[in-house]
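Asks: My questions will all concern the structure given below.
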Amino acid sequence: MELNELACHELHEKLAKKEITSMDIVKAVEKQIAATEKNIHAYITIFDDMEEQARKIVDKLTSGQVDKESLLWGIPVAIKDNICMDGRRTTAGSKILHNFIPPYDATVIEKLKNAGVIFIGKTNMDEFAFGSSTETSNFGPTINPSREGRVPGGSSGGSAAAVAADEAILSLGSDTGGSIRQPASLCGVVGMKPTYGRVSRYGLIAFGSSLDQIGPFSRDVTDCAILLNALSGYDSRDSTSVNRPVPDYTKALTKNIRGVKIGIPKEYFIEGINAEVKKAVERAIETLKKLGAEVVEISLPHTEYAVATYYIVATAEASSNLARYDGVKYGHRKEGTSIVDMYGKTRADGFGKEAKRRIMLGTYALSAGYYDAYYLKANKVRTLIRQDFEKVFAKVDVIITPTSPTPAFKIGEKLDDPLKMYLSDIFTISANLAGIPGISIPCGLTKNDLPIGLQILGKHFDEEGILRVAYAYEQISKRGFYGL
Amino acid sequence: MKIDKKTVEYIANLARLALTEKEKESFTGQLDKILNYIDKLNALDTSNIEPTFHAVPLKNVFRDDEVKPSLTQERALAMAPEKDRNYFKVPRIIE
């Protein structure tokens, strides 16, 4: 195996024993990017100073600039292009920010700098994270490494594809309605959306501020826990981050799930779900049963309202958040005869089709006369969805569902039918509405070798609970057996 | 029909989007279809339900009023499409 194919925890062991250097890993990643990136297009920007970063890492460790306890030092990591990095172009996949160079680091970037990672570049994404396929990027689509002509999922499609194609060891994504978990599922990697408030959103280009959360992509569950350790924690610069202690998530990886109660929501095994996906998930559930978990059927009765609720809440918040792109302070500008004319032209030229569609929908939902009927109504239904989970989590420890109703679909298949595209998030968006954590882990392949993902949802701030179940299952699946 | 071309034009103006005729037409149909789907929420009686604007309820998050490092004027202006001395420059506002 080449170094760029290994997990972070395996590489760390070799680095700590001085069997390899960070430079060796960087060179392996660069070689892979040179060989495969033209077919994948995982990145919008690839940094040309990776080797320089690797050369400096030992000095930084010695001088204390990098945390000596870090398990991430010297490890190449890719960053979704909606996370601000000081002095590095950050576009959010949009023409309106095509030339934007942030003057500051997001909190997660500060944390990763302190942990001593090597930054590879900025990954491709749906414009402003609006999408489930990475096709709405202004910089062209990303291709699923599993198969030519298929989408990687989205919106963090570039981050998922970079890890799946061995062009990164780890990556960061953001998840507003499934944008980490769904691409992780479609690309066959591990992706987690932490509890709302677990990870600081400071420096994340806002989409739906009450839903957005940054989280890790990795090859395995152990790496997911390691990266989550580095990202988590209270930040005074994000008033919605929650001030509570961060446990060591790697301690949750115990293999023992005897007596763990797993709920299977009947509403998630509906008609329209791909037969191979259903079979793989059911097989994974059987496996967990054999490992000692107790499996019970549960009901989340408001599930069918989640997509409708989400597309009002998320677009309303997005339309407000995107009001800042006006051609005045930074980003793209198109000249006009008056200031209002300049705003209109700048935004019409700078935003893509899906961004405009969502701004229109959100503006409508918030406009005078419609606020009660749409925005307020949707937030009331959001309460019902949240209460569904509260009731169920009084009885079970985790909930298991498919991550996505289908494996990776074809490029172009859903692009012109927004409603069809929105329905591909059907299993992931409830977690964002309720604010609970969720992970997607690989649980098999279709007969055409397309990855299938298993979603595990947990209680607020119980990332440990979902990591524990994910890790126990992975002990079986990583040997190539997706079921016992 | 919930959405006609006039509504699209009204919303586009609120959102400061100078849409083309073609965009106005396609958004009219698409937004109408999406809103019809969203109407399924009306099947639920929510008259006694409090809204959830945030999943994790937090109230009055205060911090001490201390001066902390912030962007210099130069850095804040560095990305401006147009500037004049220490100002962002925009087209004429007052006729």
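Here the Cβ of each residue, glycine as well, is placed from N, Cα and C on the backbone.
As annotated by TrEMBL, domain 'Amidase' applies to A:24-467. Among the features that TrEMBL reports, active site, charge relay system is placed at A:K80, A:S155. Taken from TrEMBL, the feature active site, acyl-ester intermediate covers A:S179.
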Asks: Would you pick out, from the active-site residues A:S155, A:S179, the residue whose Cβ has the largest number of other Cβ atoms within 10 Å?
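Replies: Per the Cβ count, the most surrounded site is A:S179.
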Asks: Calculate the distance in Å between the alpha carbons (Cα) of A:S155 (active site, charge relay system) and A:S179 (active site, acyl-ester intermediate), and round it to a whole number.
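Replies: Computed Cα spacing between A:S155 (active site, charge relay system) and A:S179 (active site, acyl-ester intermediate) is 5 Å.
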Asks: According to DSSP, collapsed to three classes, what secondary structure does A:S155 (active site, charge relay system) have?
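Replies: In the DSSP reduction, A:S155 (active site, charge relay system) maps to coil.
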Asks: Whole-number Å only: compute the distance from the Cα of A:K80 (active site, charge relay system) to the Cα of A:S179 (active site, acyl-ester intermediate).
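Replies: Computed Cα spacing between A:K80 (active site, charge relay system) and A:S179 (active site, acyl-ester intermediate) is 11 Å.
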